[in-house]
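Summarising the annotation, Swiss-Prot assigns repeat 'LRR 1' to 115-139 and lists similarity to another entry as the type of evidence. According to Swiss-Prot, the repeat 'LRR 2' annotation covers 194-218, on the basis of similarity to another entry. The repeat 'LRR 3' annotation in Swiss-Prot covers 219-244 and is backed by similarity to another entry. Residues or ranges marked as repeat 'LRR 4' in Swiss-Prot (evidence: similarity to another entry): 245-282. According to Swiss-Prot, the repeat 'LRR 5' annotation covers 283-308. Positions annotated as repeat 'LRR 6' by Swiss-Prot, on the basis of similarity to another entry: 309-340. Per Swiss-Prot, repeat 'LRR 7' is recorded for 341-364, and the stated evidence type is similarity to another entry. Residues or ranges marked as repeat 'LRR 8' by Swiss-Prot: 365-392. Look at Swiss-Prot and you will find 393-417 tagged as repeat 'LRR 9'.
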Amino acid sequence: MVICLHCPDQDDSLEEVTEECYSPPTLQNLAIQSLLRDEALAISALTDLPQSLFPVIFEEAFTDGYIGILKAMIPVWPFPYLSLGKQINNCNLETLKAMLEGLDILLAQKVQTSRCKLRVINWREDDLKIWAGSHEGEGLPDFRTEKQPIENSAGCEVKKELKVTTEVLRMKGRLDESTTYLLQWAQQRKDSIHLFCRKLLIEGLTKASVIEIFKTVHADCIQELILRCICIEELAFLNPYLKLMKSLFTLTLDHIIGTFSLGDSEKLDEETIFSLISQLPTLHCLQKLYVNDVPFIKGNLKEYLRCLKKPLETLCISNCDLSQSDLDCLPYCLNICELKHLHISDIYLCDLLLEPLGFLLERVGDTLKTLELDSCCIVDFQFSALLPALSQCSHLREVTFYDNDVSLPFLKQLLHHTALLSQLIYECYPAPLECYDDSGVILTHRLESFCPELLDILRAKRQLHSVSFQTTKCSKCGGCYIYDRHTQCCRFVELL
């Protein structure tokens, strides 16, 4: 238990007084607002409207809910690309319906107007605001394509197809009204509409909703999947869909529990858990794996990593229990031998031997760029097993080791090794045990007296960028003290 005797109710140093500056609307803004208030006039003006005004007027109409104008703008959009950006967070059901009705009008056109160039509509948050691409086809997936009819076929027409891309579908237990409407709309037009979702979040699980999603969404285009607050047997239910995700790049398993969700509260036995995990399909393209609060990963980490086809770039494990066998398998897993980012945090490691982790660092020494070993209760002798390999990780850019139990002499030894890593631009080290009294009270004056010498160890070998020393979080307020080379003093930070 760590206690801070100076727990401020708020950190006054972080308060900033800001003044709101009022900017009067420009003549253009006033003209646009006046135009939008007359829907009939606004719609009739679209054919002669300068292209440069389309994004501005669309954003105003979207924000203020002029759904009739939105509907009319889609079929005459003069750019190949339309991204809603952050505005998608404010998209209600009526606005969504208006935009989809505009797409229906576009699909129904037998002759494409010379003005409309729309090929991609993007319900993603890539951009801060509504944006219209000006480079036709450059780096963009086709949104509107035309399949040419068979030559000399009687009564044949050009078949139009649309691709609609959305950033994320969030399924929290049951589908919300807007998502349900979008899926049904796309399903009813499945011959001409292809709905692509780059990111899928499933929080809780209604099997009927999952089945409904994959009737419409192209699973092979999902690049990021987040599974949160589901049971392990429900994870097994998703296996057939995981097999279809040929482009899955990032997988997050967050709070996957080992009990049945439908009335049976008994914990699964180890044999059943192993059987369910072993059924996970091969993930051919996965590059990033995040595992948080998954209790049954203990003793089964090797089975999880077995599913990987390509070498991982990022492995992040937090709030889990690991066994010695889990650590022992790491150096011998070929699919993590090219890691660029290794993050292990909030895992109790003080009872384990870390030599296997040192062997892993040796294997990834030529590729590793970030290393996080935070809040793992690692003590001096365990850290010592990592030092020889750590100093050979010459491409490291970031290291964080805060909230571990190291002494001042060992911390100096650690710094002598990281001082050899010339590419480091961000470093966060734990405050040594000597910065706490026997009751766990943080002694900031000691940290302030130790840190100049600690910084000198690094400064003697290389140029410093961002270097800090951080205490363990206070058990009362959750804050901590940080000493960094820029302020050269301890400052209180309230951690979220």
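Any Cβ shown, glycine's included, is placed from N, Cα and C.
Put simply, of 194-218, 219-244, 365-392, 393-417, the stretch with the most CB pairs closer than 8 A to the repeat 'LRR 6' (309-340) is 365-392. Sequence-distant contacts of the repeat 'LRR 9' (393-417), counting only residues of its own chain at least 6 positions beyond either end whose CB sits under 8 Å from a CB of the stretch, comprise 350, 361, 364-380, 383-384, 387, 423-430, 432-434, 450, 454, 457-458, 470, 472-473. The list of residues near the repeat 'LRR 5' (283-308) in space but at least 6 beyond its ends in sequence, with Cβ under 8 angstroms from a Cβ of it, reads 232, 242, 245-258, 268, 270, 273-274, 277, 314-323, 325-326, 329-330, 333, 335-336. Helix, strand and coil counts from DSSP across the repeat 'LRR 7' (341-364) read 9 helix, 5 strand, 10 coil. Taking Cβ pairs closer than 8 Å, the repeat 'LRR 8' (365-392) reaches residues 338-350, 352-355, 357-359, 398-407, 410, 413-414, 417-418, 420-421 in its own chain, all 6 or more past its ends.
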